[in-house]
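Just passing along the structure, written as structure tokens.
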């Protein structure tokens, strides 16, 4: 009998307690019927919860969350929002979730460079520059002001362009103005920019296409194409102001023998 007990295998230290309990109960023929699946499941679930709880206790905060740089940034945020720059160090330690010793590490450095002063044992006051304008150099402020002025000017120009476009649309769509949509030779002659220039007036229907290729040294080519009617082209010779009748290029300018187009009658279609 003693030999049978000695030959019995001792449970290993690495065996799960829940599994060993099940194994021992299974060896006893009397308790096999009383062993229910629910009991096995309960034991396993309790074991898993125990292991998960142990792992949760071992979780540590990230190193960056407790670093001095991170705490200093949070401390400066509290200084920026504090009335009068006065802080209670006990409340600071509570908000930062660290020991008061870590807060003293920050305040001692700031006190050494004369950015804070101690009001009492647990209170300090910020005496440095205004944190709301921290980092805003004068040049940056100047550029921001110029940018604001340019933005306002751009908005004003956009409104003017929009207003001019609306007025032009109303002018061209008005039936009363359609019969007066023409210019005379005297109108062209009165424009100073057209003096000593060759002016060509084109009267064409809607959707006429005009292409001007890159000009050459001695000539300019213009292509006009229309699919809705004929195209009328007028050469408007602007008179020269020189008494000798010569242009700036030294070429003689003879007066035009053709009659200049005058103001058309109402029934005629005016040139565009």
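First residue shown is number 1, and so on along the chain.
Cβ atoms are placed via backbone N, Cα and C, with glycine included.
Residues or ranges marked as region 'Binding to corepressors' by Swiss-Prot: 1-62. What Swiss-Prot records for 50-129 is DNA-binding region, and it gives sequence analysis as the kind of evidence. Among the features that Swiss-Prot reports, motif 'DEF box' is placed at 95-129. Positions annotated as region 'Dimerization' by Swiss-Prot, on the basis of sequence analysis: 130-222. The region 'Leucine-zipper' annotation in Swiss-Prot covers 143-164. Under the heading region 'Transcription repression', Swiss-Prot lists 173-272. Swiss-Prot lists 242-272 with the feature region 'Disordered'.
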If we skip the immediate neighbours and take only residues 6+ beyond the ends of the motif 'DEF box' (95-129), which ones have a Cβ under 8 Å from one of its Cβ atoms?
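Same-chain contacts beyond the flanks: 66, 68, 71-72, 74-75, 78-79, 82, 84-89.
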Averaged over the region 'Transcription repression' (173-272), what pLDDT does the prediction give?
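Averaged over the region 'Transcription repression' (173-272), per-residue pLDDT gives 70.
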From the DSSP assignment alone, can you count helix, strand and coil residues within the region 'Dimerization' (130-222)?
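Across the region 'Dimerization' (130-222), the residues distribute as 51 helix, 9 strand, 33 coil.
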Taking DSSP states H, G and I as helix and E and B as strand, how many residues of the motif 'DEF box' (95-129) are helix, strand and coil?
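When I sort the residues of the motif 'DEF box' (95-129) into the three classes, I find 15 helix, 7 strand, 13 coil.
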